[in-house]
Amino acid sequence: MANESKCPFHQTAGGGTSNRDWWPDQLNLKILHQHSRKSDPMDPDFDYAKAFKSLDFQALKKDLTALMTDSQDWWPADFGHYGPLFIRMAWHSAGTYRIGDGRGGAGSGQQRFAPLNSWPDNVSLDKARRLLWPIKQKYGNKISWADLIVLTGNVALESMGFKTFGFSGGRADVWEPDEDVYWGSEKVWLGGDTRYGKAEAPGKGDLVAEPAKRPQEQGRNLAGERNLENPLAAVQMGLIYVNPEGPEGNPDPVASGKDIRDTFGRMAMNDEETVALIAGGHAFGKTHGAGPADNVGAEPEAAGLEQQGFGWHNTFGTGKGGDTITSGLEVTWTSTPTKWSNEYLNNLFNFEWELTKSPAGAHQWRPKDGKGANTVPDAHDTTKRHAPSMLTSDLALRFDPIYEPIARRFKDNPDQLADAFARAWYKLIHRDMGPLARYLGPEMPNEELLWQDPLPKAGPQPSEADIAAHKAKVLASGLSVAELVSTAWASASTFRGSDKRGGANGARLRLAPQKDWAANQGLDKVLAALEKIRDEGGNKISLADLIVLAGSAAVEKAAKDAGHAISVPFHPGRVDASQAQTDVESFAVLEPLADGFRNFSKARYSVKAEKLLLDKAQLLTLTAPELTVLVGGLRVLGANHGGSKEGVFTDKPGVLTNDFFRNLLDMGVEWKPTSADNEHFEGRDRKTGAVKWTGSRVDLVFGSHAQLRALSEVYGSGDAAAKFVKDFVAAWVKVMELDRFDLK
């Protein structure tokens, strides 16, 4: 407009070309500083677990049950029941979990934020969450969005006649999107070429939270199969699992079965659990594809302000009810879509199926010869009836040679399906919650499940005198500081803040598979010596506690030898798990394929070593200063894997000095690569040319990266020796106690 006032600002804060635009390969330390107090509106002393315990749980469930059939004009319930919609909401919240790095899942309510709130697979879930707002508003901070989303799915099942296995609360909300999760590199929704084109052949390794850069490959492994990039667990950008029309839209049930096995396996489900989840979930509700997709508007993150967080505005007909467009598929599986039954499997096997298309043009299946006509109700018009229909991914349960006998057994034994679905659903919605110590609420099952990494109950705790005696024996055992520190680190650093698995509690370092991991070679000698000390001391302390105590005693000694008298805090209470309590296959995903804190890498990866270090630090919930001080301290303590001298920038190994930083920042040293791949370096005296040090990428990044160098300068300063020791001890104790939820 001619009379429009000109804004004095062309851009506002945060706009313009960013550092990431200029240097896209730059190490992104921001992932270490997510979810801070600055983004959290709750009071500093707010305790969600305490608030949840004050919740009138049964009253909440009663309100949720009433909501199921309280259809709203602005978003009418299919078949008069919101249950199927809420099941999908809970499933899609939990279903983002993947075992590769433990990220994703329902644990913090991320479905409220980008990108998940705008994924194509989550169309209409904006409506589901908005239907819940009056209930969330009523109960306030006593129930988090994360818990409410999952609980609502459970109540939905119960309201339709299904007996669930239980529910546990304890998922605290966060207030901003996760920035550490790698969802893929595709730039368009539903793209899948990059995640298959980038996948490595077996035995190589493409992992962690940031994409690798390399030429496009064919997306097929050596056996000719689709090979999905790790750690991803979905076949296309913006999907939870598989394309329901079949791989890349190809309606091939057998090929779909292979995709299903891969994706569900990557979220910790075996074949029986997978069949149970699909057959159980598709006992309810329908999909939505009333018209062409070009009737659907922008997703929530791209929609106008007037939409108030809603997205996908639909201009087809009324845009709701019978005119809803979600996936583009128009499928109703059974004649009782709001009642638990075994009809899904009966229909799957009793009809022969032919390919057809939805009103939106998507591939789906109908019974041949017009069978099943008029057996299925319409979701909104009582005068209409339909035949049952299926997705390509449904037919995979019948035509995949592994799924078929499982599905047929469930068809013939409905009680087995009910039990398997109840257990698999419970696993789905709790998989990222960690140990039972985090579970809350009156509906927690009594049965302990192997996938929960069970631990025995703690017995009597060692006294202060017992602790002192064991520390003295450890230090007199002949074990070196490096051996004790590296063993404690190996035990504790398996923890993942993503799914709260791993850690020192349980002493699983001595059990399969951890005892056989490449990263843990040489630790058997230390473990044997510690077990002997424990036994000779009358078993007054668990091995799990003793491993940590021994490492902490070594840190105290190393600090004392550097002239700093400091006590490393130690809290007993850890227990020793048995091999029977340890699922070898489940724990295998915790193996450190690379651990920059120990200068260890099992193989060469397409991801740079410093990015693997950053990924590890984020999983350990470390800040950038904690990352920095730990690497510097572990190097001078000699904790490198296999006794490697790379990064040990000190002539006093085993003494807790700030020498790593002082020598890395020494301008008298010139660094040059010694390998063609720039993985290894040597530092030479600028005057004499003599080699003084050798280092890895992980070591040199602390002098190269501007932020890490700034932190290194703090710890390398002349007056920083005491601060370095203090900060190292604090970060050390943090890692040692990451899995001590009993202390929090």
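Each residue, glycine too, has its Cβ placed from N, Cα and C.
Per Swiss-Prot, the range carrying the annotation region 'Disordered' out of 1-21, 211-231 is 1-21. Calculated from their C-alpha atoms, the gap between H282 (heme b binding site) and R88 (site 'Transition state stabilizer') amounts to 10 Å.
Every protein chain considered, the tally of other Cβ atoms within 10 Å of the Cβ of H92 (active site, proton acceptor) stands at 22. A helical conformation is recorded for H92 (active site, proton acceptor) in the three-state DSSP classification. Broken down with DSSP, the region 'Disordered' (361-387) shows 3 helix, 9 strand, 15 coil.
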